[in-house]
Amino acid sequence: MRPVDLLIVGAGELVTMAGGPRRGERMKDAAVIPGGALAARDGRIVAVGPEDEVLRTVETGPDTRVIDARGRAVIPGFVDPHTHLCFAGDRAEEFALRLGGATYQEIAARGGGILETVRATRAASQAELVELGLARLDQLALNGTTTVEVKSGYGLSLADELKQLRAIRAMARRHPLTVVPTFMGAHEVPPEYRSRREAYVDLLVEEMLPAVAAEPGLARFADVFTEAGVFSVAESRRILERAKALGFGVKVHADELSDLGGAALAAELGAISAEHLLHASDEALAKLAEAGTVAVCLPGTSFCLMNAPYARARRMIELGCTVALGSDYNPGSCPAYAMPFIITLACMHLGLNPSEALAAATINAAAAIGMEAEVGSLEVGKLADVVILSTPTHWHIPYHMGMGVVAKVVKRGRLIVDEGKVRRR
C-alpha cells in the first residue's frame, strides 16, 4: 500500500489520454477508463485505473484529500500552447472597427493592431504587467487550463521585451499554473524601425536574443511572425537560426494571412511547432508531419476576425500531422482564453470530434511546448494536473458550448479551483 495525499474517486469516466501525442486515427482514442480513479503524492500521479484496483494499492491518511467526482468526467488539465496574455490596455475600439467591416490588415496599416498594444505595454510598469497577468491566469485556471505558454512581443525594444519576459517570470513564480515563456521580439517591426527593417532584424539577432539567453529562466522558445508585411521567410530564418544557436526551441507564426512559406520554414528548421496555418499548402503540411513539427490550430482567432478562414485540421490529420489546439489569447485578434470554448470551435469549424479536440487541447498541446513527458495526460509519474468536469462525459464540453463545464481543477495535486474560486496558495 502506497500513502497518497490526493485521491479522486467516483468518476463517471476517467479520460487519461495515455500513450503519448496522437496522430491520425489515434486522436479518436481518449484512453477512457469507465469508473476510474486517480491517486497522487507530492504533486505527481502514483496510481490510475479502475477504482477498485486503485483503492487496493493506495493508503489514505488524515491529510489525504479525497475528492468524489460524483459520476462526472475527470480529464487532464488543459494545456494552452499559444497565448499573448502579458499585455496592457485593450483593443475594444478595434473590435468595433471589425464589426464595421475593417480587416486585420487595414487596422494594422492605420497604426492599430499589435502596435496599439505595444504602446500600452511600453507605458506599463513591470509590476502592473504582473498584476494584469496574474488576474488573467486566474481566468485560465477557472476554465481548466493548468499549463500555458506565454509570449512576449508587445515590447519590441530590448528594454521592453526584457520587462515583459521578467513580468512573465514573476507571474509564474506567484501563480500555481505552469507558465512556459516564449520570446517573440519578432512579433512586428516597431514604428521607430519601419524605415530600416534590416536594423531591427540586426537588433533581434545581435542584441535581443543574446540578452534573453543570458538571463536564466526568461524564455524557453523563440517565435517569429512570418507573414507578408511583417517578417519575410529569409528574415525569419536568420532570426530563428540565431535562436537555435543560442539554445532556444523555435516556433513560427506561419501562413496565417497568406501562403508565404512559414510552415515549410518551420519544418526545415525542425521547429517544435508551427501555429495558425490558415493558408498552409498540402505540401507544407506534409513537411510538418515529416519533421514532427506540431501543427497548432487557433480557431478562436478565425472566429474573432470573422472574415478569416479556419485552419484545415481535418486535412492536417489526414497528412499525418500532430494537431494541437491553442487559444491565441491576445487583446486584439482573440480576446478569448477558455479552452472549452476553443474545443467547441474546433468541433464546429475544424471538423474534429470531441475526443480529437480534447487530445489536441491536452497531450498534443503539451507536445507543442515540449511538455508531453510532464503534462497533458493522466499517467503514473506525471504531474497531477486534473480537471473534474460538471458533466458526465468529455463529449459534453462542446455540447455545452464550453460554458460552465469546469467544476474543480487540481494542479500538482492541489485543489486550486473549487466552486468558482481560485486558490493561488
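Glycine too: its Cβ is placed from the backbone N, Cα and C atoms.
Swiss-Prot annotates ARG91, TYR154, HIS187, SER333 as 4-imidazolone-5-propanoate-binding residues; of GLU25, GLU256, GLU268, the candidate listed for that same site is GLU256. HIS253 is the residue from HIS175, HIS253 that Swiss-Prot records in the Fe(3+) site together with HIS82, HIS84, ASP328.
Counting only the Cα atoms, the space from HIS253 (Fe(3+) binding site) to TYR154 (4-imidazolone-5-propanoate binding site) is about 15 angstrom. Look at the binding-site residues HIS84, HIS253 and count other Cβ atoms within 10 Å of each Cβ; HIS84 has the fewest. Within the same chain, the residues at least 6 positions away from ASP328 (Fe(3+) binding site) whose Cβ sits under 8 Å from its Cβ are HIS82, THR83, HIS84, GLU275, HIS276, LEU298, GLY300, THR301, CYS334, listed in sequence order. What surrounds the Fe(3+) site, by Cβ distance within 8 Å of the Cβ centroid and not counting HIS82, HIS84, HIS253, ASP328, is the set THR83, LYS151, GLU275, HIS276, LEU298, THR301, GLY326, TYR329, ASN330, CYS334 from the same chain.
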